[in-house]
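Asker: First, the structure itself, so that you have it in front of you.
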Amino acid sequence: MGKRMGSSAIVIYMVFCLLGSAFAQLKMGFYAQSCPRAEKIIQDYVKPRAPVAVASLLRMHFHDCFVRGCDASVLLNSTSSQAEKDAQPNLTLRGFDFIDKVKTLVEAACPGVVSCADIISLAARDSVVAIGGPTWQVPTGRRDGRVSSRSEALQNIPNPNSNFTTLRTDFANKGLSVKDLVLLSGAHTIGVSHCNPSFSNRLYNFTGKGDQDPSLDSEYATNLKARKCRTITDNTTLAEMDPGSFKTFDLSYYKLLVKRRGLFHSDAALITDATSKSFVTQLLQGSLSNFFTEFAASMEKMGQIGVMTGSTGEIRKICSATN
């Protein structure tokens, strides 16, 4: 007979079994039996609308996963304006109606089966693929959260005005590395951003003295002031995050970074640290397919942050409200 397992060892063993059980439930083809057409329904709706929706869906996926994990808490409404979508970083978030429409289609086929969290994850991936970007695996089985907090969104979503140290900490808190930070920032190769509050301070009040960020290429700054951000309070004008290539998933974003033409301070921060700058250099020296492969790996990692599976959480009937 072997030695008897101590009580503390039993507890640890049980915890690992529970964790293993939870992660085992997040798998490829989770809905193969319960809703076999689910992924096809989502893909068919997303594909023709991807050019317009892709940046919004990718951003929504990111913002959702960084607050309470990938649980669709970003979709919940609050009568007192205290939900995640009411926080400053999410006030310009788009795609809520898009996800609601997809949910309606999926519910019509399989009521109460597919989570809103999985719909966000799948729609983000499918939209990127539809515009010629990378694909990645999206294991499913996520459950929807019941809590959505404005203050938690403010605390957890990385700020476009953050420096490298803050960004590194924000990502590390979610189990993501500096390499993941560099790769996931590469999503800025598509889409647009509002001048205020995202980057106006870089142009007009960087240190609170009415100055411009010295790390920003002066010619680029002049162009932004003339065409994309005429005043520090401009919150309506949109600027491409990857000028000249903002509809194409490519390496152009990184090429602009080394030219000191990253739009956000958080973009520019990636070349202020030796480690992150080396990752940028490696990506630029590599092929587009290499970037796609690396980006996919980081997206797969992000898509599993804090997921709920099994009987935790719920499967919402309507994405904007708990059951």
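Cβ atoms here come from the backbone N, Cα and C positions, even for glycine.
For 1-24, the entry in TrEMBL reads signal peptide. The feature domain 'Plant heme peroxidase family profile' is assigned by TrEMBL to 25-323. Annotated heme b binding site per TrEMBL: His188, in sequence order. The Ca(2+) 2 binding site annotation in TrEMBL covers Thr189, Asp242, Asp250.
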Asker: Write down the Cα-Cα distance for the residue listed as 'heme b binding site' and Asp242 (Ca(2+) 2 binding site), rounded and given in Å.
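Answerer: So the alpha carbons of Asp242 (Ca(2+) 2 binding site) and the residue listed as 'heme b binding site' sit roughly 7 Å from each other.
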Asker: In whole Å, how far is the residue listed as 'heme b binding site' from Asp250 (Ca(2+) 2 binding site) when you measure between their Cα atoms?
Answerer: 10
Asker: What are the sequence-distant neighbours of the residue listed as 'heme b binding site', meaning same chain, six or more residues apart, C-beta distance under 8 angstroms?
Answerer: Met241, Asp242, Tyr253, Gly262, Leu263, Phe264, Asp267
Asker: Near Asp250 (Ca(2+) 2 binding site), how many other Cβ atoms are within 10 Å of its Cβ?
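Answerer: The Cβ of Asp250 (Ca(2+) 2 binding site) has 17 Cβ neighbours within 10 Å.
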Asker: Other residues near the Ca(2+) 2 site, CB within 8 A of the CB centroid of Thr189, Asp242, Asp250?
Answerer: Gly186, His188, Ile190, Ser245, Phe246, Thr248, Phe249, Leu251, Ser252, Tyr253
Asker: Applying a 10 Å Cβ distance cut-off over all chains shown, what neighbour count does Asp242 (Ca(2+) 2 binding site) have?
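Answerer: The answer is 27.
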Asker: Enter the number of other CB atoms within 10 angstroms of the CB of Thr189 (Ca(2+) 2 binding site).
Answerer: 24
